[in-house]
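Asker: Pulled the feature table from TrEMBL, pasting it below:
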DOMAIN    35-243  domain 'G-protein coupled receptors family 1 profile'
TRANSMEM  20-42  transmembrane segment
TRANSMEM  54-77  transmembrane segment
TRANSMEM  138-161  transmembrane segment
TRANSMEM  186-207  transmembrane segment
TRANSMEM  233-252  transmembrane segment
TRANSMEM  264-282  transmembrane segment
């Protein structure tokens with residue numbers, strides 16, 4: 001037995017309720033890894049370095065993958081330690097443990113990524129021309145700055161706890177035992193701050209983009225189509241963080257309504273990462289196609305049908321914005337509504353009629369081409385050009 005290790009006090013028994021958190025770590029960590037590893041690998045292989053919107057998603061997917069792997073590793077570590085003989089080690093030794101250190105770094109990194117990407121979206125909205133000129137160096141800074149800030153936070157806490165008088169705790173290293181109270185407050189307020197500030201930023205972006213559209217119509221004065229799509233995607237992720245991170249954090253930290261059980265608290269944190277995966281794939285057609293290849297044929301047909309209908313709707317939306325500028329007169333609004341009804345009928349026609357029935361009439365075929373579909377496809381071709 002080393003000098004940093006000693007036997008537990010007489011009569012010491014580990015709290016069995018804390019062992020439930022281990023199941024949360026293993027189950028939800030494994031699910032998050034299963035979802036995010038294929039996504040991250042696919043994006044790393046197929047993404048061009050100039051595609052900023054997908055590079056940001058790669059960073060978020062890798063952050064979620066790293067955190068999920070850390071939670072899974074922590075769960076396995078606690079399973080192994082729980083059934084061994086109980087020993088006490090110093091707080092500094094616990095913080096030097098790879099599992100505990102990676103937990104502190106990943107929690108901070110996840111929060112800083114949310115904050116950094118919200119400022120990136122704000123920069124893109126306020127200065128779109130300057131943003132489009134930013135090269136790979138800017139993207140590298142955007143990705144590495146949260147990691148650097150997390151390492152600085154962990155290093156500062158380890159330095160303080162190493163210089164303090166040694167305190168012995170259970171070698172299973174429960175988080176509430178190995179983290180100093182001041183650092184625990186810092187992590188709690190960091191999590192709240194890094195969700196609340198992005199929420200306010202995306203609310204400002206929404207108001208600004210809405211104002212720009214009303215003033216200029218469908219112009220490129222604000223953002224390109226890909227950048228707008230990414231802004232909405234990370235806004236949805238932040239909205240999920242409000243319900244799965246901010247509210248549970250306030251509930252747990254301030255002990256509202258008697259406080260929240262720690263197992264539910266960590267379950268919400270990991271559940272947010274699972275929700276983030278589905279937001280990424282549903283919002284981006286390239287990722288949906290990748291998911292379609294993995295799933296069984298029955299599910300992939302449903303996804304393929306949904307993506308085709310989304311494609312038709314998006315093209316009609318662009319056609320509507322190009323063909324119909326914003327009108328303020330009563331007559332203009334009536335014409336606008338009537339045109340929208342016509343376009344809606346054309347969408348339903350495209351979805352309802354099988355694709356082979358929309359093909360040109362062949363000499364050896366009795367299939368007629370519907371004139372409504374023909375006129376609509378000509379409009380679509382103009383939009384594509």
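Think of each number as a place in line: the chain as shown, counted from 1.
Cβ atoms here come from the backbone N, Cα and C positions, even for glycine.
Give me the structural setting of these features: burial, nearby parts and distances.
Answerer: If you look at the transmembrane segment (20-42), the same-chain residues 6 or more away from its ends with a CB under 8 A from one of its CBs are 58, 61-62, 64-65, 67-76, 78-79, 82, 262-263, 266-267, 270-271, 273-274, 277, 280-281, 287, 290, 294.
Only residues 6 or more beyond the boundaries of the transmembrane segment (54-77), in the same chain, are considered here, and those with a CB under 8 A from a CB of the stretch are 22-26, 28-30, 32-33, 36-37, 39-40, 43-44, 47-48, 99-100, 102-103, 106-107, 109-110, 113, 117, 120, 139, 142-143, 146, 230, 233-234, 237, 266, 270, 273, 276-277, 280, 284, 286-287.
Packing against the transmembrane segment (138-161) from elsewhere in the chain are residues 49, 52, 55-56, 59, 63, 91-92, 95-96, 101, 104-106, 108-109, 112-113, 115-117, 120, 179-180, 183, 186: each is 6 or more residues past its ends and has a CB under 8 Å from a CB in it.
Listed as Cβ neighbours of the transmembrane segment (233-252) (distance under 8 Å, sequence separation of 6 or more from its ends, same chain) are residues 56-57, 60, 114, 117-118, 121, 188, 191-192, 195-196, 198-199, 202, 205-206, 259-260, 262, 264-265, 268-269, 271-272, 275-276, 279-280, 283-284.
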Asker: What residues in the same chain, six or more past the boundaries of the transmembrane segment (186-207), come closer than 8 Å to it by Cβ-Cβ distance?
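Answerer: Distant Cβ neighbours of the transmembrane segment (186-207) are 104, 107-108, 111-112, 114-115, 117-119, 121-122, 125, 153, 179, 231, 234-235, 238-239, 241-242, 245-246, 249-250, 253.
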